[in-house]
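Novice: Pasting a structure here, questions to come.
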Amino acid sequence: MSSHPTKITFFEFLTPLITSGQKTITIRDESESHYVPNTEVEVFTLETDRKVCDIKILSVEPLNFDEINEFHAEQEAIELPKLKQLIREIYPNIDKLFVIEYELIKK
């Protein structure tokens, strides 16, 4: 049985968007692209490692930086220019990204 990630971290300011169900994707680089569809993952804050909620991974798809569009911004619950700026700050000079789609597990 292959192991798969069971934890994912988000900036604290994004966690209310996740727990409200507004944010349904995350864009990551290849090092964080190994999530497996139909698995449950615990969400923690990056800054304080506080558990926030659980999500179910729906899909993991390759995405180039220049393909990020209004649809992704809507799913991220952030305006497109802000989203692109944030991605560039986190992953400078990386164009090969992955979009991870998920849903909130309501307990």
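The backbone N, Cα and C atoms fix where each Cβ goes, and this holds for glycine too.
Quick paste from Swiss-Prot:
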DOMAIN    9-105  domain 'ASCH'
ACT_SITE  LYS23  active site, proton acceptor
ACT_SITE  THR26  active site, nucleophile
ACT_SITE  GLU76  active site, proton donor
Novice: Rounded to a whole angstrom, what is the C-alpha distance between LYS23 (active site, proton acceptor) and the residue listed as 'active site, proton donor'?
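Specialist: Cα-Cα distance, LYS23 (active site, proton acceptor) to the residue listed as 'active site, proton donor': 5 Å.
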Novice: Taking DSSP three-state, what's THR26 (active site, nucleophile) in: helix, strand or coil?
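Specialist: Reduced to three states, the DSSP call for THR26 (active site, nucleophile) is strand.
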Novice: Give, as a single whole number between 0 and 100, the mean pLDDT over the domain 'ASCH' (9-105).
Specialist: 97
Novice: For a quick check of packing: other C-beta atoms within 10 Å of the C-beta of the residue listed as 'active site, proton donor', how many?
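Specialist: Other Cβ atoms found within 10 Å: 23.
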Novice: What Cα-Cα separation, expressed in whole Å, is found between the residue listed as 'active site, nucleophile' and the residue listed as 'active site, proton donor'?
Specialist: 7
